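Annotated features, as they stand in Swiss-Prot:
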type	residues	note
BINDING	TYR18, TYR41, TRP76, TRP77	substrate binding site
ACT_SITE	HIS22	active site, proton donor
Amino acid sequence: MIRKAFVMQVNPDAHEEYQRRHNPIWPELEAVLKSHGAHNYAIYLDKARNLLFATVEIESEERWNAVASTEICQRWWKYMTDVMPANPDNSPVSSELQEVFYLP
């Protein structure tokens, strides 16, 4: 498994709405993520800084990257644009994090 982590932002007034939309996520989106090899996906909210920290284990970079081109992912991104900063393609603005420590 490949461990990935990334950081995103959430609008200051949208913490509760962001959480509501993820509990639960759309079943179709969950199915796409799982079918593309995503496991143990978690997102954490830092309320003080309006930051979201995400971790996920993936089976391959290619399969993970392919999620972005699915119709359900495109719809999800559009659905989330009013609660978080987005790129021109509606994907969330995010930065990959470098792993500096891991205790198996």
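Cβ atoms here come from the backbone N, Cα and C positions, even for glycine.
Keep in mind it's a predicted model, so treat the numbers as computed, not measured.
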C-alpha spacing of the residue listed as 'active site, proton donor' relative to TYR41 (substrate binding site), in angstrom:
12
How long is the line from the C-alpha of the residue listed as 'active site, proton donor' to the C-alpha of TRP76 (substrate binding site), rounded to the nearest angstrom?
11
Env. residues of substrate site, Cβ within 8 Å of mean position of TYR18, TYR41, TRP76, TRP77 Cβ:
ARG21, HIS22, ILE25, LEU29, MET80, PRO92
Below 8 Å Cβ to Cβ and six or more residues apart, same chain only. Which residues does that give for TRP76 (substrate binding site)?
ILE25, TRP26, LEU29
The record names TYR18, TYR41, TRP76, TRP77 as the residues that bind substrate; what is their largest Cα to Cα distance in Å?
17
According to DSSP, which of helix, strand or coil covers TRP77 (substrate binding site)?
helix
